[in-house]
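*Asks:* Submitted below is the structure of interest, expressed as structure tokens.
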């Protein structure tokens, strides 16, 4: 809050309430909660003298005045880098300014305090073309209530203009319908047509205006220091006298601390990212140079780290927050229009070279707070000579048990601190005593329910499943306690008691289990019998011609078998259920109650009702694997790899997950595959390292007074070895009173993860277009709020302002809207494929989700031609390329990798020698019928080694390799071109158009 200063003009404060009320929580999971309330204004800096203006603002609304020429023209379609196609004229190329030019500006420090630093900003200024001066009509100048605020040093005696932009604004999701262009770029070789399933919006009315001859005179050239300079440094303007009330970054990170004493007052420079917007030479079209748009090409988007401030936090791979700065008030929450919450992956694989420490307090119990039940962690403090400890979660003073007592040294640290990993590490695992067990630990149980109808037999699925299970018997967790069982079904249900003997039950109305005690056997005792059965299983039904599927009764029989022990049920389903009870709504609850987790493997070239089958996995912490149009020759390796990982990865059984947080905040909603047992307890019959869970955070109190907020995620589970354990992850985050600090500490990965789950859940009750609109509107609101936050401090007309931490947010928002669960209309993707993708995205850890949304595209031919005797190394492959057709050269070989599949694209004029070495005799054949395999030459071995490295970098899923040649339609379209998220395809916006839409809506008042 600025203090009184008679020598300076007074600025208006932010209104205490917003004129717009946020929608209620009941509307949709995307609605902002509570009223939008203005907080204390950030300290305003005096404004520098105005510079002459040659840029022009975006129009707020209404048609373009002054010419009959439309204000927006579609961008020309993206073209491949084909040397046979001449380049476009130089006069039509967009203006280019070096990507992300950075310009220093002065920081106005506060007298007697350390200089402050605003969060990094990104700007999208509108720039005219060379030699062309654009001037907007009078009607497009800023209105009196939104005066222009110039940049630079203040003039002596000048009175800064006030701005109404300080008022926080909130709009409902429906206030800004997404404008979609009415032009389409079809797949090459296909006619353009509109989808009949979804009405098209009217053409976009661009808010980027050009001079069309209806203005009296042109303004002089800009003299602002923020004009792009090619490779030159522009010294900042003189720093003006400091303003009172400005806090430094250190003070914002350490609430309650005063300004540093005796520190020198220096001006700090802010970092700006600038993207060039302007008219094309000789054209009235306005656009953005696509080369300057932000993209995550260097590496995956890593988490924001608090290691310097809180070095004892758990690794971010276990727990990440959408922002590492917790808001101190409800008003800040109402102005934070992005999801506020966390993403937890409790069993994530430990970083390379590290292991989770196991702590055993036996014979005593685990050390916990007696009030909030938080576990002892590095942030508890010991007092009274080590006899008491203060809980960091609820601040209660607890007695230290005598067997845990240790003296304190002169600094207040326990003398045995180095021998106590629970007091030095953010992630530990406690061995749970008997009071943490409802029943003795059960052995790991694997039960396989396999469809053996005629379609399943013909697909070859049964053979692959039997071979894979047999090869994994030695690696199943829990040896020698592991139990295993099998049942098959078509129009009847077949049980196997491992004598081996088959027992058939044909009464589907009153299903029963024959000899229930013999159908689950100990694997170590019956190993030879199980192997014999798996060898003979494919031949048992090779002549089966039964078309029916009694899936419902088979599911009931499996439940009756497993209800005593629980475990993991693996369903292999190929045919839509046709006999017996088919309602599945009650089974998820029963499975969860008896600690049964369900994994569904679906194979079919017809409708399989993944929407219903997926509920079995969703509410039992399971997983859905979908193999459409399964063929033995094509999909066998993918099924083999993913089933093997499912069977052999370390699994936590009979687990429950709870996240505790400090006083004043709580988690209100949870998203992922689980059953909510109570308000904050997630029931997980089985969980592994490939599962993550997201949750939203809310404030219970109007104002938080603590400087730090602590969080603790605790997973109580049974290990495969039979030991009951508690894995605990503890993290701390600062509590801040500045919205700008929340933006600075934003974690784009966690935000996108929560965004995707909320959007997918919204499709269950709303139209797909409404789910996409809600994503776009929350991005618009967040950027508008950030713009409002710095409206007085910076010259914003014609510029898009965003924090450095969220520079990829618009791109990931576009990718999410074009992902399989949300894209197009209901006819644009098969329903089973859409539902399977939605179930998968609801459980993906952050890094895999980001790769799925924005896959990698790399050029391979240059790498393959390099003479090298070294083994394949991902670092030697060329850098990632933007996902646009302009990145594809007709002379090249490219690989597209989204974590679930490879698409290898052969350019039309790729060297025949390269194609022959990679494909062998099939180099000229239709690539849809070619399977990539290793040939006897160095280039082929190098390529196969590289693909192996790609797969080993993330073994969760197996990337099936698909080959496509340029111009091979329609395969090239749906395999690659439709997944280039930066290009316009069908009714989808391109990245450039998406940015223009967001910019126009952000500037609307």
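Note that the numbers count up from 1, one per residue, in the order the chain is shown.
Any Cβ shown, glycine's included, is placed from N, Cα and C.
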*Asks:* Given 187-206, 207-226, which one carries TrEMBL's region 'Disordered' label?
*Replies:* 187-206
*Asks:* Hey, would you say the domain 'Sec23/Sec24 trunk' (441-585) packs against the domain 'Sec23/Sec24 helical' (747-850), going by three or more CB pairs under 8 A that are 6+ residues apart?
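*Replies:* Counting Cβ pairs under 8 Å (6 or more apart in sequence), the domain 'Sec23/Sec24 trunk' (441-585) does not reach the domain 'Sec23/Sec24 helical' (747-850), since there are fewer than 3.
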*Asks:* Which sequence-distant residues neighbour the domain 'Zinc finger Sec23/Sec24-type' (367-404)? Criterion: at least 6 residues beyond either end, Cβ under 8 Å.
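*Replies:* Distal contacts: 312, 361, 412, 414, 422-426, 430, 660-663, 710, 712, 714, 726, 728, 730, 732.
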*Asks:* What is the three-state DSSP composition of the domain 'Sec23/Sec24 beta-sandwich' (652-736), stated as helix, strand and coil residue counts?
*Replies:* 0 helix, 59 strand, 26 coil
*Asks:* Under DSSP, the domain 'Sec23/Sec24 trunk' (441-585) has how many residues in helix, strand and coil?
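*Replies:* Reading the DSSP string over the domain 'Sec23/Sec24 trunk' (441-585) gives 49 helix, 31 strand, 65 coil.
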